[in-house]
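K.L.:
First the structure, which I've put down as structure tokens, then a few questions once you've had a look.
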Amino acid sequence: MAKVLVLYYSSYGHLEVMAKAIAEGAREAGASVDIKRVPETVPLEIAKGAHFKLDQDAPVAKVEDLADYDAIIVGAPTRFGRMASQMAAFFDAAGGLWARGALHGKVAGAFTSTATQHGGQETTLFSIITNMLHFGTTIVGLDYGHAGQMTLDEITGGSPYGATTIAGGDGSRQPSENELTGARYQGRKIAETAIKLHG
């Protein structure tokens, strides 16, 4: 059975919700799925003052965990058009995995959230995807089999490069059903690819 890791960072819970939807899709495909988050690097008092969601269920990942999976689906919110520093710091600590080729041939994908519709979703996805390509993974995006990313009757996330959500400038907007459907779809497609490649 293919093993899938959904690895995410979320300050306010939007990507926690998306991670759970991605995991649902991967499980529907028949994969064994774990959800983990990267360590918070913001000092606790500052995180509390900024009202970060600190009670997230997912255990904190260790860099070495990545080698145990057939597929790794990575989610991080945008920070000025690139992945949040918490996720970047996690990857920066993974040089040992890169040096020994521990992730070569694994399947990977990316998902993100932004404050606005044009707030850097695709550049953030590319910042994650670039890292995963350097680690030797095979990238699976959100193909147009998820027709919801073509809709024009609502403001919605979704890109061929990965599932996305729009949080709103004050973080009050939660992932829509269309965005969650896209996340489940991408999770399923990545798991199906991992099953084909790794059994």
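A Cβ is built for glycine as well, from the same backbone N, Cα and C atoms used for every other residue.
Residues annotated as domain 'Flavodoxin-like' in Swiss-Prot, with sequence analysis given as evidence: 4-190. Look at Swiss-Prot and you will find 10-15, 78-80, 113-119, His134 tagged as FMN binding site. Summarising the annotation, Swiss-Prot assigns NAD(+) binding site to Tyr12 and lists sequence analysis as the type of evidence. Look at Swiss-Prot and you will find Trp98 tagged as substrate binding site, backed by sequence analysis.
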K.L.:
Just jot down the residues in the same chain as Gly13 (FMN binding site), at least 6 apart in sequence, with C-beta under 8 A of its C-beta; none if empty.
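P.N.:
The answer is Lys53, Gln56.
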K.L.:
List the same-chain residues at least 6 positions away in sequence whose Cβ sits under 8 Å from the Cβ of Thr116 (FMN binding site), in sequence order, or say none.
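P.N.:
Those within reach of Thr116 (FMN binding site), by Cβ under 8 Å and sequence separation of 6 or more, are Ile166, Gly168, Gly169.
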K.L.:
What is the pLDDT of the domain 'Flavodoxin-like' (4-190) when averaged and given as a whole number?
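P.N.:
That region's mean pLDDT is 97.
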K.L.:
Note down the number of other Cβ atoms within 10 Å of the Cβ of the residue listed as 'NAD(+) binding site', including every protein chain shown.
P.N.:
17
K.L.:
Given Gly119 (FMN binding site) and Trp98 (substrate binding site), what distance in Å do their CA atoms have, once rounded to a whole number?
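P.N.:
Computed Cα spacing between Gly119 (FMN binding site) and Trp98 (substrate binding site) is 30 Å.
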K.L.:
To see if you understand the setup: which same-chain residues, six or more apart in sequence, place their Cβ under 8 Å from that of the residue listed as 'substrate binding site'?
P.N.:
His134, Phe135
K.L.:
Please report the Cα separation of Thr78 (FMN binding site) and the residue listed as 'NAD(+) binding site' in Å, rounded to an integer.
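P.N.:
Just about 12 Å between their Cα atoms.
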K.L.:
Quick one: Cα separation, the residue listed as 'NAD(+) binding site' versus Ser113 (FMN binding site), in Å?
P.N.:
11
K.L.:
Same-chain residues six or more away whose CB lies under 8 A from the CB of Ser113 (FMN binding site)?
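P.N.:
In sequence order, the residues whose Cβ lies under 8 Å from that of Ser113 (FMN binding site) (at least 6 apart) are Ser10, His14, Leu15, Met18, Gly75, Pro77, Thr78, Gly157, Thr164, Thr165, Ile166, Ala167, Pro175.
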K.L.:
On the three-state reduction of DSSP, what should I expect for Trp98 (substrate binding site)?
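P.N.:
Its secondary structure by DSSP: helix.
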